[in-house]
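Feature annotations, reproduced from TrEMBL:
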DOMAIN    2-223  domain 'Glutamine amidotransferase type-2'
DOMAIN    288-428  domain 'SIS'
DOMAIN    461-606  domain 'SIS'
Amino acid sequence: MCGIFGLISKRKDINVAQLIREGLERMEYRGYDSAGIALVNNGKIELRKKAGRIADINADGWFDKMPGQFGVGHTRWATHGPPIANNSHPHMDCTGKIALVHNGIIENYQDLRRKLTERGHKLVSETDTEVFPHLIEEFRKTGLDLKDSVIETVKLCKGAYGVVVCDADNPEYMVVARKESPLVIGITEDETTYCGSDIPAFLPLTRNAIILDDNEVAVLYPGKCEIFHVDDGEKAKREIFTVDYSMDAAQKVLDGKEYKWFMHKEMHEIPRKIIDQVRMPQEHLDEFAQAILNADHVFITAAGTAYYAAIAGKYQITKFGGPYIQGILCSELVDALPTIPPNSVLIAVSQSGETADTIEAVRYAKEQFGVKICSVVNVVGSSLTRYSDHVIITTAGPEIAVASQKAYCTQVTALSMVALKIATLTNTLTTDEIEKYESALLDTAEACALILKDEKSLINLAHKIAYKSNLYFLARGISTSAAFEGALKLKEIAYIHTEAYAAGESKHGPIALIEEGFPCVFITPPDQTYPKIIGNVMEMKSRGAMIISVVADYDVNISEISHHTIRVPIKNNKYAIAMSIVPFVLPLQMLAYFVSDYKGFDPDKPKNLAKSVTVK
Ligand code: G6P
């Protein structure tokens with residue numbers, strides 16, 4: 001949540017402001033209600049900030065024309081105070097010499113703010129962040145240098161932060177610090193140092209990266225940096241690593257075709273990402289599956305779309321001979337589990353690996369109860385990977401659209417691979433059968449490719465539901481995860497009120513709202529749930545509901561009683577049916593995208609949302 005990008009360079013031939021603005025645009029998926037830049041300019045701070053999106057704010061080059069030698073920018077997702085210029089970052093101290101950007105939440109800011117105000121500081125925003133520069137100002141006045149002032153300040157702040165600080169009286173360096181909010185450093189040796197919330201912030205500029213750990217402070221000089229532990233002030237050693245992300249991720253072009261939105265481009269990447277996932281390194285799978293089998297209790301946790309991937313995975317793992325797995329939303333885990341029994345495993349699923357609630361749940365389980373953490377995560381080197389005992393990296397690559405889609409598909413595929421590995425380790429299935437399931441999982445890539453080829457019918461359906469006020473998404477068994485994901489996507493990018501239920505529950509309340517034309521989307525693969533769900537479809541239809549069903553392409557019965565059918569091209573055998581979670585979800589994600597686009601919304605940056613939710 002909130003994107004940060006800063007740089008300090010020896011080069012005199014660069015437009016620092018423009019480079020920072022471009023970096024911020026790459027971070028905009030983290031938050032986009034306001035933006036600002038502060039540059040150190042010959043002993044003074046040059047500051048510009050405004051509500052709105054970066055492209056609008058910079059329409060006449062407002063940011064790009066800022067003079068200055070180095071500095072930092074911020075794109076905000078408001079928490080404390082509405083998205084107005086005053087609450088936008090960077091924030092300053094009373095002297096106007098210190099500028100700071102922050103991602104995270106300072107939990108004790110009210111107390112700190114009160115004390116600062118009593119001591120005569122003038123705080124002009126409603127944010128938690130603003131206490132930072134004023135505290136730094138106080139430590140600077142005691143004679144401490146900028147780095148030590150930042151260290152003393154972060155010791156006073158409870159909560160989560162990734163901060164970048166520039167001091168107009170320090171033309172040599174800037175200082176960054178982190179705790180529980182991401183902050184990465186990029187280096188072009190002996191020339192330029194960058195800092196950002198995510199690696200893509202500096203990806204077009206350098207591939208040399210350093211990840212700052214919690215409770216560390218770094219001093220960034222042009223082309224080099226020094227890292228220190230907050231606790232004892234000692235220097236920390238850190239290797240530079242080379243990032244191997246493809247640059248294509250930052251563009252809307254795929255196979256020579258330019259897409260209007262990242263979401264559309266990224267959904268067209270799904271088939272190849274599934275293939276990569278199925279071919280992932282086996283040794284990671286082995287350890288992961290073995291850890292699950294060795295445990296007495298297994299839990300799975302995540303947030304948002306990742307949670308629905310987790311629920312699909314939980315069904316798969318149990319079905320293929322694994323233990324029963326309890327699914328708990330990460331934001332609920334601490335309250336739902338006051339104690340966790342010994343020898344437990346917690347599976348955590350996350351695209352970013354930085355979702356604050358997921359990290360909190362994982363740390364709670366690990367640090368208080370010694371729970372083993374198995375994570376399925378898309379971002380290499382993210383916080384989640386560092387708290388985990390076993391990690392499966394998903395092969396989605398950088399995902400720019402805020403609402404996760406290709407990452408979801410790889411998460412489900414990865415968890416299906418874990419399920420099959422468990423079947424192998426427990427001898428639940430013969431080698432021959434496992435091979436057939438694996439090949440069926442690989443075939444889902446082809447099924448997705450076929451679905452993506454036939455966008456027209458989904459576009460037509462999108463036009464039919466675009467102005468409906470409410471929709472239900474109903475399914476049974478493993479497909480309930482698809483119902484929840486389909487409902488979430490339509491809600492979050494097309495702003496239609498949707499609800500998802502296990503279809504059996506529909507008669508315990510939801511049915512009361514059914515009237516003529518009320519759309520009910522049923523996800524009905526030809527698995528063991530099929531006979532029962534026909535009854536649920538009829539219950540809704542006989543009360544006037546508009547039935548939209550997602551069926552196998554050879555389906556006869558449910559399509560006959562539906563007003564609209566979405567046909568999923570899968571083979572008619574148990575292997576294909578068991579592995580087809582993604583092909584049954586993809587059309588629902590596409591439907592949401594087409595509704596959003598048809599209604600003129602920005603599907604990549606839905607209002608009020610952010611991709612990486614680093615606040616609790
Ligand atoms: C946000 C994103 C979702 C994502 C969720 C969890 O809400 O918009 O797409 O599923 O966070 O994020 P994670 O990075 O943990 O998967």
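Here the Cβ of each residue, glycine as well, is placed from N, Cα and C on the backbone.
On the 0 to 100 pLDDT scale, the domain 'Glutamine amidotransferase type-2' (2-223) averages 95 in this prediction.
The domain 'SIS' (288-428): residue composition by secondary structure is 69 helix, 28 strand, 44 coil, according to DSSP.
Remark: secondary structure over the domain 'SIS' (461-606) totals 71 helix, 30 strand, 45 coil, with classes taken from DSSP.
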